[in-house]
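Inspection log for the structure reproduced underneath, given as structure tokens.
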Amino acid sequence: MTSVRCKLAQYLEDLEDVDLKKFKMHLEDYPPEKGCIPVPRGQMEKADHLDLATLMIDFNGEEKAWAMAVWIFAAINRRDLWEKAKKDQPEWNDTCTSHSSMVCQEDSLEEEWMGLLGYLSRISICKKKKDYCKMYRRHVRSRFYSIKDRNARLGESVDLNSRYTQLQLVKEHPSKQEREHELLTIGRTKMRDSPMSSLKLELLFEPEDGHSEPVHTVVFQGAAGIGKTILARKIMLDWALGKLFKDKFDYLFFIHCREVSLRTPRSLADLIVSCWPDPNPPVCKILRKPSRILFLMDGFDELQGAFDEHIGEVCTDWQKAVRGDILLSSLIRKKLLPKASLLITTRPVALEKLQHLLDHPRHVEILGFSEAKRKEYFFKYFSNELQAREAFRLIQENEVLFTMCFIPLVCWIVCTGLKQQMETGKSLAQTSKTTTAVYVFFLSSLLQSRGGIEEHLFSDYLQGLCSLAADGIWNQKILFEECDLRKHGLQKTDVSAFLRMNVFQKEVDCERFYSFSHMTFQEFFAAMYYLLEEEAEGETVRKGPGGCSDLLNRDVKVLLENYGKFEKGYLIFVVRFLFGLVNQERTSYLEKKLSCKISQQVRLELLKWIEVKAKAKKLQWQPSQLELFYCLYEMQEEDFVQSAMDHFPKIEINLSTRMDHVVSSFCIKNCHRVKTLSLGFFHNSPKEEEEERRGGRPLDQVQCVFPDTHVACSSRLVNCCLTSSFCRGLFSSLSTNRSLTELDLSDNTLGDPGMRVLCEALQHPGCNIQRLWLGRCGLSHQCCFDISSVLSSSQKLVELDLSDNALGDFGIRLLCVGLKHLLCNLQKLWLVSCCLTSACCQDLALVLSSNHSLTRLYIGENALGDSGVQVLCEKMKDPQCNLQKLGLVNSGLTSICCSALTSVLKTNQNFTHLYLRSNALGDTGLRLLCEGLLHPDCKLQMLELDNCSLTSHSCWNLSTILTHNHSLRKLNLGNNDLGDLCVVTLCEVLKQQGCLLQSLQLGEMYLNRETKRALEALQEEKPELTIVFEISW
């Protein structure tokens, strides 16, 4: 009997060379879903018919090898061999025999053959589709594999994967920001919390939860230079590499909005053709499943102007050619291919307009680089690890610039400048602090490569470039035609020179249109336009384009008058750059480098403008004080800033970012005439609770005006997210502003390092801080030595709140060293909830007997216990003790400590306020206190006994106290189960003429209607008595 291998070889021998090659090709690509193993090409290349049969059986066994051959005969259209092999199929087992006999009937063979041809046809179509996708992915991979640096020479490029550094992304609803160019406000506090809300790229289009609708539109928002375009290109590359959206989208099309916004009509099919590797893409087949397509639109804000004119026009036909902005508008509004997905990048300026076009979009904010990613970027940029380490160390030392490097564009500029310095062998000097300084340095490095351009010609080119930039800013224009260049004295050949310098680049796909390589460069040169002058017949004038009279009429005064009026703030960065450029050292540097004349008149105009704005009332179109501070900070010239800050009678700003802290610190330390200073978190609201009602906390916000000087002396920075690294510059203002006497830093994570910086400032002779609040500042015992040094060296500090900091007993021991010092003049001290135990009470007791200035001590919410209070009471009986108010709220006390407190009430006539809320004293404890309260030397005015486990058994003692104690004015008894009879009895006592109580707080009690009526009757009969009660039924 002939073996299966020989039979199979005989069939293969009937194949001619062409068919045998086809057979091998199908054998290599055999569908895996059929359960057989494809034979590798390398083992089939030189195999003859016998070798091939052997390989098929070795890989899959006889039965599967035969089935593979039968299927491939059909695939290569050899029906004769297919029918013969079907009829000649060996008997494998009973099941197969039965099956074989059934399918070998002539009718069955015919039906099976036709069905198999249909299946193979469908397989062919799918394979063609896969071939299209595979070819397009290869094209996208090739197109987006590399990027060009802005300063790259011809032919130079950088591998995108090796340079790309991960950006932080968070889901966020769009905010109604009025300013487009607030680059520095992107690094805000939530950036530190972003791991909790960060979004992974692969989840961009996933629903929020299992019940939500899928997401079809995603909007990436971020300021200029934050990395929107590079992220969009990375998404394209990762998709092409099969790393992203592999099973979600068959096609991703990258659209440059500024290119599509041109007036040339085009259809959606034309857009796809422009993305395809050859001129004949299968558009119909691509658009057959729009849900498998993602359009990635980069730079929506760059076509905003065009949208204004044609927002109502719609295109629904993918073959119809329309204006580019109408085409994109139709895609965005889901009028064209409504089932397709969109990913749009934009600056915040265009968010409001974009929002009206979208239906349920997901907004994702790009926050830039985290601190760790900044370091990663440096090490990726510099191929030499030693250079990377040196550059990163330098930037880290300049904290302001390191902060700015969260913006990828700034990071690139800084790295470029440092690398050029390294390559020339120059030592790395202290890097500049501001955006202007970074751009000036970058421009100077570009000028080194200006080639053979003559000096006077270059000056003309630069002037034309600056006027072009300014004209574009005023008209909100970023794409320029050749006629625009000619209007500003520039020729096509001139632009080539700038292309070599990478300041002004020619568009690759739009040959007749030109743009600045980045919007911020256009803003920088627009600011320079207002500074460049030339000598004309003995007079210095500002030079401008001959055909642009409108721009000549828009001088610095007009620029500043319009600053703040533009709804979207297009002039903000231009004015900031203007301030930065008039720095005298920078002006001299530019005049030398550019061989040009810089206007000095602009400095006077800017100072006059600041003076007017500093005194102006708050109006919607007025720039905020913080924005003015940003302008002054950009200048980095302290004499000018001091002159400007003299015009601010009142400073009231909200801080929300790190740069806000840095900028405000720089300006405030140069401010010597301010009368009111108020700094706060944007969402901060004042806490208006009484000090006594708090039973141990000062106000979180204080606005105190001394009547003799009429100068506000309060500064509050509550919940400003200050950290220790931002404190040094801010605290330096404490030594220069002598009118500042109150400082509230509550709810800021200063930590011990920040506290150390603050203590250095507090010990400065020029510092006049008297009241300092540091609640919830993340302090530990390690800072207590520094605080103790302040207490022992400064007699000005009279009030200190350290509540809600884990100082511990050891921290209090260190603190008490300063409190016992002869120079310590502290009067009020809050140590509420500081992780204290009875072990600290001995140290505090020694303070009470030696410090004669301390009159208020609040140490509640600590586990002091009865033993701790007993130790304190021993020293409070000392005649030298001047303590007036003691807060022991929720301190784990029982009736055991009440005898010691009674002794204090009997002996210390200075003692007037005692807070015992939330301690289980019980009726026994009150009975013991009653003895002290009835003593003739007792001068207590305020007694707080809320939630102290009192019952109706305390009624007689309470009545006795109210009747015989003539000093007590306020009594709190809330949240005690006194009962109706006791309360009614107290009402009768309070009606007596000898009772001098002014305030009775009963809080929440279970009282009946009769008791309520008794309280109301008492209130009417004795209006000078305030009764606060809340009845629970």
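Any Cβ shown, glycine's included, is placed from N, Cα and C.
Record check of TYR164, TYR589, TYR1006 in Swiss-Prot: the feature phosphotyrosine is attached to TYR164. Looking at 127-130, 383-386, 723-726, the range tied to region 'Required for binding to phosphatidylinositol 4-phosphate (PtdIns4P)' in Swiss-Prot is 127-130.
Swiss-Prot lists motif 'KFERQ-like motif 3' at one of the ranges 165-169, 795-799, 860-864, namely 795-799.
For the residues SER291, SER467, SER899, Swiss-Prot attaches the annotation phosphoserine to SER291, which does not rule out the feature elsewhere. Neighbour counts were taken as the number of other C-beta atoms within 10 angstroms of each residue's C-beta; across the modified residues TYR11, TYR132, TYR136, TYR164, the minimum falls on TYR132. Under DSSP, residues within the motif 'KFERQ-like motif 3' (795-799) fall into helix, strand and coil as 0 helix, 1 strand, 4 coil.
Taking the Cα of TYR136 (phosphotyrosine) as the reference point, the closest of the modified residues SER3, TYR11, TYR164, SER291 is SER291.
This prediction places the mean pLDDT of the repeat 'LRR 1' (739-759) at 83. Look at the Cβ of each of the modified residues SER3, SER291 and count the other Cβ atoms within 10 Å; the largest number goes with SER291. Among the modified residues listed (TYR11, TYR164, SER291), SER291 has its Cα nearest to the Cα of TYR132 (phosphotyrosine). The modified residues shown are SER3, TYR11, SER291; of these, the one with its CA atom nearest the CA of TYR164 (phosphotyrosine) is SER291.
You'll find the Cα of TYR11 (phosphotyrosine) roughly 13 Å from the Cα of SER3 (phosphoserine).
For the pair SER291 (phosphoserine) and SER3 (phosphoserine), the C-alpha distance works out to 52 angstrom.
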